[in-house]
Amino acid sequence: MDTADAIVEKLRAQCLARGAAGIQGLARFFRRLDRDGSRSLDAGELRQGLAKLGLALDEAEAQSVCRRWDRNGSGTLDLEEFLRALRPPMSQAREAVIAAAFAKLDRSGDGVVTLGDLRGVYSGRNHPKVRTGEWTEDEVLRRFLDNFDSSEKDGQVTLAEFQDYYSGLSASVDTDEEFVAMMSSAWQL
């Protein structure tokens with residue numbers, strides 16, 4: 001195992017120790033480090049971010065990680081590819097059921113789930129806070145969507161964000177059969 005793989009394994013272990021939301025939390029953390037919105041991190045940003053998580057890298061290690069996930073020769077790591085590598089490996093059955101659940105939510109088929117998509121498959125009408133007048137139905141839908149959304153809370157959930165959410169949960173479910181049954185029941189697939 002080379003340096004970059006060892007670092008990913010350490011980060012993955014930290015995420016799994018945090019439970020089902022660990023990968024999603026780390027994804028949010030790294031996306032916040034991307035201050036310029038380039039969807040990439042340079043070695044300095046990576047070192048700084050990992051240090052905040054208690055994982056110290058020297059310059060050579062940070063460069064190694066950046067080189068591994070540098071998709072365009074810019075010297076920076078592609079954030080989405082790096083986060084994809086951090087997700088615990090999932091079987092094809094798990095990936096397929098997550099994709100099916102996402103597709104059910106993505107009513108418009110444009111690759112993102114929005115409030116408009118949710119209105120067709122999820123009703124907030126009977127939510128206790130709607131019934132008391134505290135929230136509107138749209139507020140319920142937005143808060144539901146925020147569970148899966150990245151830290152920007154842009155009101156859109158991509159398949160990658162949906163996978164981030166479920167990858168941590170997947171790691172805590174022993175068998176594919178249990179995971180598929182859970183997802184099928186939750187999303188009425």
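Heads up, residue numbers simply count up from 1 along the chain you see.
Using the three backbone atoms N, Cα and C, a Cβ is placed for every residue, glycine included.
Sequence annotations record features per position, and here Swiss-Prot assigns domain 'EF-hand 1' to 21-56. A Cβ distance under 8 Å defines the sequence-distant neighbours of the domain 'EF-hand 1' (21-56), meaning residues of its chain 6+ beyond its ends; these are 7, 10-11, 14-15, 62-63, 65-66, 74-80, 82-83, 86-88, 150-152, 161, 164-165, 167-168.
Cβ contacts within 10 Å of GLU45 (Ca(2+) 1 binding site), excluding its own Cβ and spanning all protein chains shown: 20. Feature annotation from Swiss-Prot assigns Ca(2+) 1 binding site to ASP34, ASP36, SER38, SER40, GLU45; the stated evidence is sequence analysis.
Summarising the annotation, Swiss-Prot assigns phosphoserine to SER38 (among others). For SER38 (Ca(2+) 1 binding site), the same-chain residues that are 6 or more apart in sequence and have a Cβ closer than 8 Å to its Cβ are THR76.
In this view, SER40 (Ca(2+) 1 binding site) is surrounded by 23 other Cβ atoms within 10 Å of its Cβ, with every protein chain counted. SER40 (Ca(2+) 1 binding site) falls within a strand when secondary structure is assigned with DSSP. For SER40 (among others), the entry in Swiss-Prot reads phosphoserine, with the evidence type sequence analysis.
Neighbour list (ASP70 (Ca(2+) 2 binding site), Cβ cut-off 8 Å, at least 6 residues apart, same chain): THR76, LEU77, ASP78. If you look up Swiss-Prot, you'll see ASP70, ASN72, SER74, THR76, GLU81 marked as Ca(2+) 2 binding site, on the strength of sequence analysis.
For SER74 (among others), the entry in Swiss-Prot reads phosphoserine. Under 8 Å, Cβ to Cβ, and six or more positions away along its own chain, SER74 (Ca(2+) 2 binding site) finds SER40.
Positions annotated as domain 'EF-hand 3' by Swiss-Prot, on the basis of sequence analysis: 93-128. Note on the domain 'EF-hand 3' (93-128): mean pLDDT across this stretch is 90.
Summarising the annotation, Swiss-Prot assigns Ca(2+) 3 binding site to ASP106, SER108, ASP110, ASP117. Sequence-distant contacts (6 or more apart, same chain, Cβ under 8 Å) of ASP117 (Ca(2+) 3 binding site) comprise LEU105, ASP106, ARG107, SER108.
Only residues 6 or more beyond the boundaries of the domain 'EF-hand 4' (136-172), in the same chain, are considered here, and those with a CB under 8 A from a CB of the stretch are 15-16, 18-24, 27-29, 31-32, 80, 83-84, 87-88, 90, 94-95, 98-99, 101-102, 105, 111-115, 118-119, 122-125, 127, 129-130, 179, 183. The domain 'EF-hand 4' annotation in Swiss-Prot covers 136-172 and rests on sequence analysis.
Apart from ASP70, ASN72, SER74, THR76, GLU81, the Ca(2+) 2 site neighbourhood in this chain, defined by C-beta within 8 angstroms of the site C-beta centre, holds SER40, CYS66, TRP69, ARG71, GLY73, GLY75, LEU77, ASP78. Of all the binding-site residues listed (THR76, SER108), THR76 sits in the most crowded Cβ setting, with the most other Cβ atoms within 10 Å. Of all Cβ atoms in the protein chains displayed, 15 besides its own lie within 10 Å of the Cβ of GLU81 (Ca(2+) 2 binding site).
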